[in-house]
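Per TrEMBL, the features are:
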{"type": "DOMAIN", "residues": "8-388", "note": "domain 'Major facilitator superfamily (MFS) profile'"}
{"type": "TRANSMEM", "residues": "12-35", "note": "transmembrane segment"}
{"type": "TRANSMEM", "residues": "41-61", "note": "transmembrane segment"}
{"type": "TRANSMEM", "residues": "73-90", "note": "transmembrane segment"}
{"type": "TRANSMEM", "residues": "96-114", "note": "transmembrane segment"}
{"type": "TRANSMEM", "residues": "134-155", "note": "transmembrane segment"}
{"type": "TRANSMEM", "residues": "161-182", "note": "transmembrane segment"}
{"type": "TRANSMEM", "residues": "213-236", "note": "transmembrane segment"}
{"type": "TRANSMEM", "residues": "248-269", "note": "transmembrane segment"}
{"type": "TRANSMEM", "residues": "276-295", "note": "transmembrane segment"}
{"type": "TRANSMEM", "residues": "301-322", "note": "transmembrane segment"}
{"type": "TRANSMEM", "residues": "334-354", "note": "transmembrane segment"}
{"type": "TRANSMEM", "residues": "366-383", "note": "transmembrane segment"}
Amino acid sequence: MHTANKWNMANFLTAYLLSAFGYEFIFFGMTLYVYEMSQSAFKVGVFVALTFLPRIFASFYGIIADQYSRKKVFAWVTAITGCLVALMVLHSDIAWIYLVWLLISVFLTFIFNVRTALMTEIMTQDNYLHGNSLVLILLNSAKVCAPLLAGLVSTTLGVTSLFYCTSIIYFMASVFCTQIRLPSVITATKNQKTIAGLKEALQYMKGNQDVRFLLSVGVLWRLFIGLQVSLFVIYIKSYLARSDTDYGLFMTAIGVGSILGSLVGPWLVKRVPYSSLIFWGLSLHYASFILLGLLHDFYAALILVFLSYIVFYSTLVGLHSLRDKATLIHMRGRVYGSVTAIMTPPAIISMLAGGYLANLFGVEKILIGAGITALVSFHLLNLSKSFSSNNANEFSNEA
């Protein structure tokens, strides 16, 4: 790789890491803040659901990512996010937090969409596997470090300092975005009609067997396992009666497991067919939620989620690489945005229902039920795939 390309890659990865770190930093701190302020699993669920609500319109964000410079979009939305986070300091009531967080989440959705599409522009198709592994490592490194630092900043300096630190992180990400240099690629025309662009993306998704199956997997995962985001804090602090520090340790175990899984993923994908990796990886991950609800020991739960997320992220490297291979480069913004939009309503339903039901029946019972329904629905999806295809156990983009 030439020196210029190395610097280009370094600028992109730094911007990617900072944007991921900023999100994990503020999200962890705000989740704890909302729970401690409200003592309600449902209100935490509402807060998390607001993060996902703007993703319903992700298809439109994807059109912007396809029609304009993805580098410029990435730079602008990170800068705007930094400004919005600073507005959190104006009030401390729950209604203000919900309102500002909803606005922030609009631009977070832009960031999630455009940086994924941007990665496929900077890296060649031969490097998608390692590229996905690398960005997942960065994402999960942020998940490991950000909660620990957020807890430290919040405890020692206060929540206000948390907001200012996050703003600075996003401004730094914006600066690195401006240093990215993109190769010449074929992009969609800027005068393309919005509805026509969306129809083209949806028709492409409908006609592509791999994308269609992966979308179904994603929808079921969001519907039955999406609730984990808002329930883990309840599981640790209420069910297991542990401290904020233990919650941070629990999330760190998930993060470290995810990093190891992202490292193992490329090695595994080269030796195991996509179909086998997805089937066994997701089955084991879903089964771990059933076991989690049956455990009463914090350290046993810690080991379980650590192993579960090694398996899950090994699988996710394969899922993302298959998705990138199956999607044309000039349509990735729209396709990725449409996938996000389709998966968002199930995620919101899952988080709101999960928080509500956890208050009624207990968080451990909800985790058990989520694991069972996710496992059963995934196996039913595989059965339906076997009936609809002569080569059900293969993908058209098998490595």
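Using the three backbone atoms N, Cα and C, a Cβ is placed for every residue, glycine included.
Small disclaimer: the values here were computed from a predicted structure and weren't measured.
Pairs of Cβ atoms less than 8 Å apart link the transmembrane segment (213-236) most often to 334-354, out of 12-35, 41-61, 161-182, 334-354.
Highlighted: of the candidate stretches 161-182, 276-295, 334-354, 161-182 has the greatest count of Cβ pairs under 8 Å to the transmembrane segment (134-155). Averaged across the domain 'Major facilitator superfamily (MFS) profile' (8-388), pLDDT in this predicted model comes to 83. Taking Cβ pairs closer than 8 Å, the transmembrane segment (334-354) reaches residues 42, 45-46, 48-49, 52-53, 55-63, 65-66, 109, 112-113, 116-117, 188, 197-198, 200-202, 204-205, 211, 215, 218-220, 222-231, 327, 366, 370 in its own chain, all 6 or more past its ends. Between the transmembrane segment (161-182) and the transmembrane segment (301-322), the number of CB pairs under 8 angstroms, six or more residues apart, is fewer than three, so the stretches are not in contact.
When Cβ distances are compared across the two stretches, the transmembrane segment (96-114) makes contact with the transmembrane segment (73-90), since 3 or more pairs at least 6 residues apart fall below 8 angstroms.
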